[in-house]
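Report on one structure; see the data block that follows.
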Amino acid sequence: MKPEPKPEPKPVAKPEPKPEIKPPVKPEIPLKEEKKPKEPPKEAKIKETLKEPKPTEALKEPKAKETPRKEEPKMKEQSRKEEPTPPKKEESRQKEPPRKEEPKQKETKPEPERRPSFDDELKREQKQLQQQRAAEDRRARAAEADAEARQLKQQAEQAAAEHRRGLNEYIDKVRLKIRGNISLPPGIQGNPEAVFEVTQLPSGEVLDVKVRRSSGNPALDAAVERAIRKSSPLPKPAQADLFERILKIPYRPRDD
(Lines of atoms letter the chains of each structure in order from A; the text may use other names.)
(Lines give C-alpha, C1' and ligand atoms only; values in the text may rest on other atoms or scores of the structure.)
Protein backbone atom coordinates (compact mmCIF):
# COMPACT_ATOMS: atom_id res chain seq x y z
CA MET A 1 0.00 0.00 0.00
CA LYS A 2 1.34 3.35 -1.01
CA PRO A 3 0.99 6.16 1.41
CA GLU A 4 -1.61 8.84 0.47
CA PRO A 5 -0.08 12.07 -0.66
CA LYS A 6 -0.44 14.91 1.83
CA PRO A 7 -2.46 17.89 0.64
CA GLU A 8 -0.46 20.95 -0.11
CA PRO A 9 -0.92 23.80 2.35
CA LYS A 10 -3.05 26.66 1.13
CA PRO A 11 -1.30 29.95 0.62
CA VAL A 12 -2.05 32.32 3.48
CA ALA A 13 -3.02 35.87 2.38
CA LYS A 14 -0.75 38.44 3.85
CA PRO A 15 -2.53 41.18 5.76
CA GLU A 16 -2.45 44.56 4.14
CA PRO A 17 -0.23 47.01 5.89
CA LYS A 18 -2.18 49.52 8.00
CA PRO A 19 -1.70 53.22 7.30
CA GLU A 20 0.54 54.81 9.80
CA ILE A 21 -1.25 57.17 12.16
CA LYS A 22 0.81 60.25 12.62
CA PRO A 23 0.60 61.84 16.01
CA PRO A 24 -0.93 65.34 16.03
CA VAL A 25 1.52 68.13 15.80
CA LYS A 26 1.74 69.82 19.11
CA PRO A 27 1.73 73.59 19.12
CA GLU A 28 4.86 75.33 19.92
CA ILE A 29 5.53 75.25 23.55
CA PRO A 30 5.31 78.75 24.92
CA LEU A 31 8.36 80.11 26.39
CA LYS A 32 8.76 79.28 29.92
CA GLU A 33 8.31 82.08 32.26
CA GLU A 34 11.48 83.52 33.54
CA LYS A 35 12.28 82.33 36.88
CA LYS A 36 11.38 84.83 39.49
CA PRO A 37 14.26 85.95 41.62
CA LYS A 38 14.32 84.44 44.96
CA GLU A 39 12.89 86.54 47.67
CA PRO A 40 15.57 88.16 49.78
CA PRO A 41 15.32 87.96 53.47
CA LYS A 42 12.73 90.15 55.17
CA GLU A 43 15.25 92.66 56.47
CA ALA A 44 16.75 93.15 53.05
CA LYS A 45 13.25 93.45 51.61
CA ILE A 46 12.37 96.32 53.91
CA LYS A 47 15.56 98.13 52.94
CA GLU A 48 14.93 97.65 49.23
CA THR A 49 11.38 98.96 49.57
CA LEU A 50 12.69 102.08 51.16
CA LYS A 51 15.34 102.56 48.51
CA GLU A 52 13.81 101.40 45.24
CA PRO A 53 10.24 100.63 44.05
CA LYS A 54 9.29 97.11 43.02
CA PRO A 55 10.03 96.25 39.39
CA THR A 56 6.40 95.53 38.52
CA GLU A 57 6.58 97.09 35.06
CA ALA A 58 9.67 95.06 34.16
CA LEU A 59 7.98 91.83 35.11
CA LYS A 60 4.84 92.61 33.11
CA GLU A 61 6.69 93.14 29.84
CA PRO A 62 7.75 89.52 29.24
CA LYS A 63 4.17 88.34 29.90
CA ALA A 64 2.94 90.25 26.88
CA LYS A 65 5.46 88.37 24.69
CA GLU A 66 4.36 84.99 25.98
CA THR A 67 0.78 85.29 24.62
CA PRO A 68 0.12 82.54 22.08
CA ARG A 69 -0.65 83.22 18.43
CA LYS A 70 -4.18 81.89 18.76
CA GLU A 71 -5.33 85.09 20.45
CA GLU A 72 -4.82 87.20 17.30
CA PRO A 73 -8.33 86.66 15.88
CA LYS A 74 -9.76 87.78 19.23
CA MET A 75 -7.85 91.00 18.96
CA LYS A 76 -9.29 91.53 15.48
CA GLU A 77 -12.81 90.97 16.76
CA GLN A 78 -12.21 93.46 19.56
CA SER A 79 -10.92 96.01 17.06
CA ARG A 80 -14.04 95.50 14.97
CA LYS A 81 -16.25 95.99 18.01
CA GLU A 82 -14.39 99.13 18.95
CA GLU A 83 -15.08 100.73 15.56
CA PRO A 84 -17.40 103.72 15.97
CA THR A 85 -20.98 102.97 14.96
CA PRO A 86 -22.74 105.48 12.72
CA PRO A 87 -25.06 107.85 14.58
CA LYS A 88 -28.67 106.75 14.67
CA LYS A 89 -31.31 108.63 12.73
CA GLU A 90 -33.33 109.17 15.83
CA GLU A 91 -30.47 111.15 17.41
CA SER A 92 -30.35 113.42 14.35
CA ARG A 93 -33.93 114.48 14.90
CA GLN A 94 -34.38 117.61 16.86
CA LYS A 95 -35.73 117.05 20.29
CA GLU A 96 -39.17 118.48 20.87
CA PRO A 97 -39.31 121.29 23.40
CA PRO A 98 -40.81 120.21 26.70
CA ARG A 99 -44.45 121.05 27.08
CA LYS A 100 -45.36 123.56 29.68
CA GLU A 101 -47.51 122.16 32.39
CA GLU A 102 -50.77 124.00 32.82
CA PRO A 103 -51.26 125.45 36.26
CA LYS A 104 -53.69 123.39 38.23
CA GLN A 105 -56.84 125.15 39.26
CA LYS A 106 -57.42 125.42 42.90
CA GLU A 107 -60.19 123.17 44.07
CA THR A 108 -62.97 125.21 45.59
CA LYS A 109 -64.48 123.56 48.56
CA PRO A 110 -68.29 123.51 48.51
CA GLU A 111 -69.81 125.82 51.03
CA PRO A 112 -71.99 124.15 53.64
CA GLU A 113 -75.70 124.37 52.89
CA ARG A 114 -77.51 127.02 54.88
CA ARG A 115 -80.63 125.64 56.48
CA PRO A 116 -83.67 127.90 56.06
CA SER A 117 -85.08 129.44 59.17
CA PHE A 118 -88.67 129.10 60.37
CA ASP A 119 -89.65 132.47 58.89
CA ASP A 120 -88.20 131.50 55.50
CA GLU A 121 -90.14 128.23 55.52
CA LEU A 122 -93.34 130.07 56.44
CA LYS A 123 -92.88 132.61 53.64
CA ARG A 124 -92.16 129.86 51.13
CA GLU A 125 -95.32 127.94 52.07
CA GLN A 126 -97.45 131.09 51.88
CA LYS A 127 -96.06 131.86 48.44
CA GLN A 128 -96.84 128.33 47.25
CA LEU A 129 -100.42 128.63 48.55
CA GLN A 130 -100.88 131.95 46.76
CA GLN A 131 -99.59 130.47 43.52
CA GLN A 132 -101.91 127.46 43.83
CA ARG A 133 -104.93 129.68 44.49
CA ALA A 134 -104.08 131.93 41.56
CA ALA A 135 -103.75 128.91 39.28
CA GLU A 136 -107.09 127.53 40.49
CA ASP A 137 -108.76 130.91 39.89
CA ARG A 138 -107.37 131.06 36.36
CA ARG A 139 -108.61 127.55 35.61
CA ALA A 140 -112.06 128.38 37.03
CA ARG A 141 -112.34 131.59 34.98
CA ALA A 142 -111.23 129.76 31.85
CA ALA A 143 -113.82 127.04 32.46
CA GLU A 144 -116.55 129.65 32.97
CA ALA A 145 -115.54 131.46 29.80
CA ASP A 146 -115.63 128.21 27.84
CA ALA A 147 -119.05 127.37 29.23
CA GLU A 148 -120.38 130.83 28.37
CA ALA A 149 -118.94 130.61 24.87
CA ARG A 150 -120.55 127.21 24.32
CA GLN A 151 -123.85 128.51 25.65
CA LEU A 152 -123.75 131.58 23.43
CA LYS A 153 -122.90 129.44 20.44
CA GLN A 154 -125.81 127.14 21.14
CA GLN A 155 -128.14 130.10 21.58
CA ALA A 156 -126.98 131.64 18.33
CA GLU A 157 -127.44 128.37 16.49
CA GLN A 158 -130.91 127.97 17.95
CA ALA A 159 -131.84 131.55 17.07
CA ALA A 160 -130.57 131.11 13.52
CA ALA A 161 -132.51 127.88 13.15
CA GLU A 162 -135.68 129.52 14.50
CA HIS A 163 -135.17 132.49 12.20
CA ARG A 164 -134.78 130.25 9.16
CA ARG A 165 -137.82 128.24 10.17
CA GLY A 166 -139.93 131.36 10.77
CA LEU A 167 -138.72 132.94 7.51
CA ASN A 168 -139.59 129.83 5.55
CA GLU A 169 -143.05 129.83 7.13
CA TYR A 170 -143.45 133.50 6.25
CA ILE A 171 -142.40 132.93 2.61
CA ASP A 172 -144.78 129.98 2.39
CA LYS A 173 -147.66 132.28 3.46
CA VAL A 174 -146.67 134.82 0.77
CA ARG A 175 -146.40 132.07 -1.85
CA LEU A 176 -149.86 130.73 -0.97
CA LYS A 177 -151.41 134.16 -1.41
CA ILE A 178 -149.65 134.61 -4.78
CA ARG A 179 -150.81 131.15 -5.94
CA GLY A 180 -154.44 132.17 -5.27
CA ASN A 181 -154.08 135.20 -7.58
CA ILE A 182 -152.24 133.57 -10.55
CA SER A 183 -153.72 132.42 -13.82
CA LEU A 184 -151.26 130.03 -15.52
CA PRO A 185 -150.80 130.27 -19.29
CA PRO A 186 -151.44 127.18 -21.42
CA GLY A 187 -148.66 124.95 -22.74
CA ILE A 188 -146.45 124.76 -19.59
CA GLN A 189 -144.15 121.74 -19.74
CA GLY A 190 -142.78 120.23 -16.53
CA ASN A 191 -142.42 122.24 -13.34
CA PRO A 192 -140.05 125.11 -14.13
CA GLU A 193 -138.85 127.37 -11.29
CA ALA A 194 -138.59 131.16 -11.36
CA VAL A 195 -137.07 133.36 -8.60
CA PHE A 196 -138.46 136.86 -7.91
CA GLU A 197 -137.12 139.70 -5.75
CA VAL A 198 -139.91 141.64 -3.98
CA THR A 199 -139.37 144.99 -2.24
CA GLN A 200 -142.01 145.75 0.39
CA LEU A 201 -142.86 148.05 3.28
CA PRO A 202 -143.28 146.86 6.89
CA SER A 203 -147.01 147.00 6.29
CA GLY A 204 -146.64 144.40 3.49
CA GLU A 205 -147.33 146.83 0.64
CA VAL A 206 -145.40 145.77 -2.50
CA LEU A 207 -143.16 148.47 -3.99
CA ASP A 208 -141.31 146.59 -6.73
CA VAL A 209 -141.04 143.13 -8.34
CA LYS A 210 -138.01 141.84 -10.33
CA VAL A 211 -137.27 138.52 -12.04
CA ARG A 212 -133.91 137.22 -10.71
CA ARG A 213 -134.02 133.89 -12.51
CA SER A 214 -136.36 133.11 -15.36
CA SER A 215 -138.26 129.87 -15.68
CA GLY A 216 -137.51 129.79 -19.39
CA ASN A 217 -141.15 130.58 -20.20
CA PRO A 218 -141.76 134.36 -20.55
CA ALA A 219 -145.55 133.93 -20.37
CA LEU A 220 -145.19 132.08 -17.03
CA ASP A 221 -142.80 134.75 -15.66
CA ALA A 222 -145.26 137.56 -16.58
CA ALA A 223 -148.20 135.69 -15.02
CA VAL A 224 -146.31 135.21 -11.70
CA GLU A 225 -145.27 138.90 -11.59
CA ARG A 226 -148.90 140.02 -12.05
CA ALA A 227 -150.00 137.66 -9.26
CA ILE A 228 -147.37 139.13 -6.81
CA ARG A 229 -148.50 142.68 -7.44
CA LYS A 230 -152.14 141.64 -7.10
CA SER A 231 -151.35 139.98 -3.68
CA SER A 232 -150.29 143.33 -2.09
CA PRO A 233 -150.33 143.85 0.86
CA LEU A 234 -148.43 140.64 1.57
CA PRO A 235 -149.05 138.75 4.83
CA LYS A 236 -146.95 139.79 7.86
CA PRO A 237 -144.54 137.43 9.65
CA ALA A 238 -145.44 135.92 13.02
CA GLN A 239 -142.55 137.81 14.69
CA ALA A 240 -141.48 141.34 13.87
CA ASP A 241 -137.76 140.39 13.74
CA LEU A 242 -138.53 138.06 10.82
CA PHE A 243 -139.57 140.95 8.59
CA GLU A 244 -137.31 141.53 5.58
CA ARG A 245 -137.65 144.48 3.29
CA ILE A 246 -136.42 142.49 0.27
CA LEU A 247 -137.82 139.01 -0.11
CA LYS A 248 -136.53 136.33 -2.45
CA ILE A 249 -139.52 134.25 -3.49
CA PRO A 250 -139.00 131.04 -5.54
CA TYR A 251 -142.08 129.84 -7.43
CA ARG A 252 -143.00 126.56 -9.21
CA PRO A 253 -146.44 126.21 -10.80
CA ARG A 254 -146.86 122.48 -10.06
CA ASP A 255 -146.02 122.68 -6.32
CA ASP A 256 -148.95 122.38 -3.94
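Quick reminder: no glycine exception, Cβ is built from N, Cα and C everywhere.
As written in TrEMBL, here are the features:
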REGION    1-169  region 'Disordered'
COMPBIAS  1-127  compositional bias 'Basic and acidic residues'
COMPBIAS  134-151  compositional bias 'Basic and acidic residues'
COMPBIAS  160-169  compositional bias 'Basic and acidic residues'
| What does DSSP give as the helix, strand and coil breakdown of the compositional bias 'Basic and acidic residues' (160-169)? | 10 helix, 0 strand, 0 coil
| said: Just to be sure I understand, if DSSP states are collapsed into helix, strand and coil, how many residues of the compositional bias 'Basic and acidic residues' (134-151) fall in each? | reply: 18 helix, 0 strand, 0 coil
